[in-house]
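J.: Got these off TrEMBL a minute ago, pasting:
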BINDING   LEU27, ARG28, GLY69, LYS72, THR73, SER74, GLU135, ASP136, PHE137, ARG178, TYR188, ARG225  ATP binding site
BINDING   THR73  Mg(2+) binding site
BINDING   ARG317, ARG322  DNA binding site
COMPBIAS  1-22  compositional bias 'Acidic residues'
DOMAIN    58-189  domain 'AAA+ ATPase'
REGION    1-23  region 'Disordered'
REGION    8-188  region 'Large ATPase domain (RuvB-L)'
REGION    189-259  region 'Small ATPAse domain (RuvB-S)'
REGION    262-351  region 'Head domain (RuvB-H)'
Amino acid sequence: MHDGPVTDEDALSPLAEPEDRDVEATLRPKRLSEFVGQARVREQLELVLEGAMRRGAPPDHVLLSGPPGLGKTSLSMIIAAELGSAIRITSGPALERAGDLAAMLSNLVEGDVLFIDEIHRIARPAEEMLYLAMEDFRVDVVVGKGPGATSIPLDIAPFTLVGATTRSGVLTGPLRDRFGFTAHMEFYEPHELEQVLARSATILGVDLRPDGAVEIARRSRGTPRIANRLLRRVRDYAEVRANGAVTVDVARAALEVYDVDELGLDRLDRAVLNALVKSFGGGPVGISTLAVAVGEESTTVEEVCEPYLVRAGMLARTPRGRVATATAWAHLGLQAPSDAPGQAAPTLFDE
Ligand SMILES: Nc1ncnc2c1ncn2[C@@H]1O[C@H](COP(=O)(O)OP(=O)(O)O)[C@@H](O)[C@H]1O
Ligand SMILES: [Mg+2]
């Protein structure tokens, strides 16, 4: 749908590609102390977990919200590890029928962590069953059909639900209210990504030099998953075209080959900015119109692309639609109109 080499999307997508899965498992931080960045979330979570352990009861249900690749799945596993509990993993789309959820819930052992990924995509009947389960550790199982149907209450073991979502805004009120603690995951600062990279380089045995790490971190879209993926791409380059050491020059040359932009914007980000500026004069324009213009699902543009463009100071949300900021015009090498927002635009990751 958009131009540029295929490798671009592979290298920069914040979504997990099949080839990521195995290596992600080895790179996942296992304990809270290994989890880089997100200082607020980490501190809050530490208190929630420690408090619960002192009381000897399962902690409140936890909702993890934020864009893809920021560590939600990792954190759910860490929660179980810190509690010394087993984790059962499922996802919203897998819970199509309430019966699927009932089966999972009734198999839980006291203290288990139940992780539901993409919880905003859970089907309505399962969601309603979850209300009672979260609140009273009980489900009502309906037996039979029609007028003769009866509902049998079934106790389930006290457990902790950890839900992850890229769209907390579309969760229903009743579901959101049943989480005792919501963690909002933020994009990472470059210096935090440098730590992620240093850790991954050690695990993978990559000779990553500090200046090389700075360069990769800067272009990783604030996302650990992308940082780890770029590290692997740069390592390939370093081994094939250089002596294996990932220095700043090697990193730059490699990222050039993979068409990773100075700010780490990916092909979709650039396509959206281009459409916004060139086809719609900088906006305002609705997200669905923008999505059609770039040939993408509007949920992808909204959940994956927009949060980072807003974070990078390229895109502003207004009541009338999305607007390109002066920074966005400048990034595309164009002169911004005088009414473009953010003339004194924030630079990326300004504090
Ligand atoms: N805080 C972190 N510290 C170190 N590595 C991280 C961190 N967050 C994410 N990662 C890395 O990024 C990868 C993707 O994280 P993941 O938890 O799957 O993200 P999400 O579920 O939010 O999409 C993990 O395998 C891990 O290697
Ligand atoms: Mg995940």
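For all residues, glycine too, the Cβ spot is worked out from N, Cα and C.
Curation plays no part in TrEMBL annotations; they are all automatic predictions.
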J.: Name the residues of the same chain, 6+ apart in sequence, whose Cβ is under 8 Å from the Cβ of ARG317 (DNA binding site)?
T.: GLU306, VAL310, VAL323
J.: What is the number of residues in the domain 'AAA+ ATPase' (58-189) that are helix, strand and coil, as DSSP sees it?
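T.: Output for the domain 'AAA+ ATPase' (58-189) reads 51 helix, 36 strand, 45 coil.
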J.: Per-residue pLDDT averaged over the region 'Small ATPAse domain (RuvB-S)' (189-259) comes to what?
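T.: Summing pLDDT over the region 'Small ATPAse domain (RuvB-S)' (189-259) and dividing by its length gives 95.
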J.: Which of the binding-site residues LEU27, GLY69, THR73, GLU135, TYR188 have a Cβ less than 6 Å from any atom of ligand 1?
T.: LEU27, GLY69, THR73
J.: Out of THR73, GLU135, ARG317, ARG322, which binding-site residues lie by ligand 2, with a C-beta less than 6 Å from some atom of it?
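T.: With ligand 2 as the reference and 6 Å as the Cβ limit, the list reads THR73.
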J.: Under 8 Å between C-beta atoms and at least six apart in sequence, can you list the same-chain neighbours of TYR188 (ATP binding site), or say none if there are none?
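T.: Set apart from TYR188 (ATP binding site) by at least 6 residues yet with Cβ under 8 Å, we have VAL36, GLY37, GLN38, LEU70, VAL196, GLY222, THR223, PRO224, ALA227.
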J.: Inside 10 Å of the Cβ of GLU135 (ATP binding site), count up the other Cβ atoms and send me the figure.
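T.: Step by step: centre on the Cβ of GLU135 (ATP binding site), count other Cβ atoms within 10 Å, giving 12.
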J.: Check the DSSP secondary structure of LEU27 (ATP binding site), expressed as helix, strand or coil.
T.: helix
J.: From the Cα of ARG322 (DNA binding site) across to the Cα of PHE137 (ATP binding site), what is the distance in angstrom?
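T.: So the Cα of ARG322 (DNA binding site) lies 43 Å away from that of PHE137 (ATP binding site).
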J.: Of LEU27, GLY69, THR73, which of the binding-site residues has the most Cβ neighbours inside 10 Å?
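T.: When each Cβ's neighbours within 10 Å are tallied, GLY69 tops the list.
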